[in-house]
Amino acid sequence: MTEQAISFAKDFLAGGIAAAISKTAVAPIERVKLLLQVQHASKQIAADKQYKGIVDCIVRIPKEQGVLSFWRGNLANVIRYFPTQALNFAFKDKYKQIFLGGVDKHTQFWRYFAGNLASGGAAGATSLCFVYPLDFARTRLAADVGKSGTEREFRGLGDCLVKITKSDGIRGLYQGFSVSVQGIIIYRAAYFGVYDTAKGMLPDPKNTHIVVSWMIAQTVTAVAGVVSYPFDTVRRRMMMQSGRKGADIMYTGTVDCWRKIFRDEGGKAFFKGAWSNVLRGMGGAFVLVLYDELKKVI
């Protein structure tokens with residue numbers, strides 16, 4: 001193996017272990033966020049049984065479904081990390097070459113900004129093509145509020161993928177794909193724009209104290225997450241459609257989903273669970289610290 005391959009394998013392993021630990025640690029917050037996002041589109045949750053907010057959700061889940069149910073869908077989320085990282089690594093440089101080749105960051109800022117969005121969006125969309133079914137299964141398993149085997153919609157990851165493929169074909173596993181790609185581009189635009197602006201306002205960007213850098217990263221991640229959150233809500237709602245037939249189908253498409261959420265639930269509905277998303281983002285910062293520590297050991 002070449003030195004580059006060994007270095008990638010070490011990074012890949014350290015990143016995977018760090019991601020598995022952090023994703024498992026924040027899985028309860030992730031499940032609360034997903035339930036608040038999709039409960040209006042769930043056949044299992046009646047209108048009078050819907051969760052009133054984050055605290056109500058955290059209190060009721062262990063009572064109604066057991067403590068371990070906080071980790072429903074976590075396995076799919078952990079597995080998803082590995083192909084995503086490998087694909088990002090494989091495509092990242094190629095897309096940067098296509099969109100950012102010969103572009104000067106300082107003299108052609110807007111071209112650099114657009115190229116960064118395009119390369120990030122293209123790399124994200126390419127990775128999503130391969131890992132989207134895992135994200136889909138994670139959402140459906142997290143949204144499954146049945147207490148025991150008979151009440152559950154799916155027995156696990158494999159059962160979810162098989163049932164939806166039988167019912168709707170491969171297309172069923174890709175519900176909400178287009179709005180996911182839009183969300184990636186919006187997230188990157190917000191992240192890149194805010195981060196560059198914040199760094200530009202510092203007196204000495206290269207010698208910034210680690211605490212200040214961490215605070216900027218936290219703020220940028222939170223802002224980008226909130227700005228792109230409505231796209232995440234719409235894609236999760238679209239995922240809930242797979243397996244439904246006839247009158248059970250709530251949305252005829254992505255545009256119809258945007259329209260109906262706004263009309264029936266109001267603009268605030270697009271941001272349900274957004275606060276728990278900000279809390280989960282703090283877990284992202286923990287990943288980076290853990291990743292650096294693991295690299296020292298491996």
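Just so you know, glycine gets a Cβ as well, placed from its N, Cα and C.
Feature annotations, reproduced from Swiss-Prot:
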TRANSMEM  8-37  transmembrane segment
TOPO_DOM  38-74  topological domain 'Mitochondrial matrix'
MOD_RES   LYS52  N6,N6,N6-trimethyllysine
TRANSMEM  75-99  transmembrane segment
BINDING   ARG80, LYS92, ARG235  ADP binding site
TRANSMEM  110-130  transmembrane segment
TOPO_DOM  131-178  topological domain 'Mitochondrial matrix'
TRANSMEM  179-199  transmembrane segment
TRANSMEM  211-231  transmembrane segment
TOPO_DOM  232-273  topological domain 'Mitochondrial matrix'
REGION    235-240  region 'Important for transport activity'
TRANSMEM  274-291  transmembrane segment
What residue among the recorded positions LYS52, ARG80, LYS92, ARG235 has the most other CB atoms lying within 10 A of its CB?
ARG235
Does the transmembrane segment (75-99) reach the transmembrane segment (8-37) with at least 3 CB pairs under 8 A, where each pair is 6 or more residues apart?
yes
Take the C-alpha atoms of LYS92 (ADP binding site) and LYS52 (N6,N6,N6-trimethyllysine) and report the distance between them in angstrom, rounded.
41
Are the transmembrane segment (179-199) and the transmembrane segment (8-37) close enough to be called in contact, which here means at least 3 C-beta pairs under 8 A that are separated by 6 or more residues?
no
Note the mean pLDDT of the topological domain 'Mitochondrial matrix' (232-273), expressed as a whole number.
93
ARG235 (ADP binding site) to LYS52 (N6,N6,N6-trimethyllysine): how many Å between their Cα atoms?
22
Recorded ADP site residues ARG80, LYS92, ARG235, farthest C-alpha pair in Å:
24
Tally of helix, strand and coil residues over the region 'Important for transport activity' (235-240) according to DSSP?
5 helix, 0 strand, 1 coil
In whole Å, how far is ARG80 (ADP binding site) from LYS52 (N6,N6,N6-trimethyllysine) when you measure between their Cα atoms?
30
When DSSP states are grouped into helix, strand and coil, how many residues of the topological domain 'Mitochondrial matrix' (232-273) land in each?
28 helix, 0 strand, 14 coil
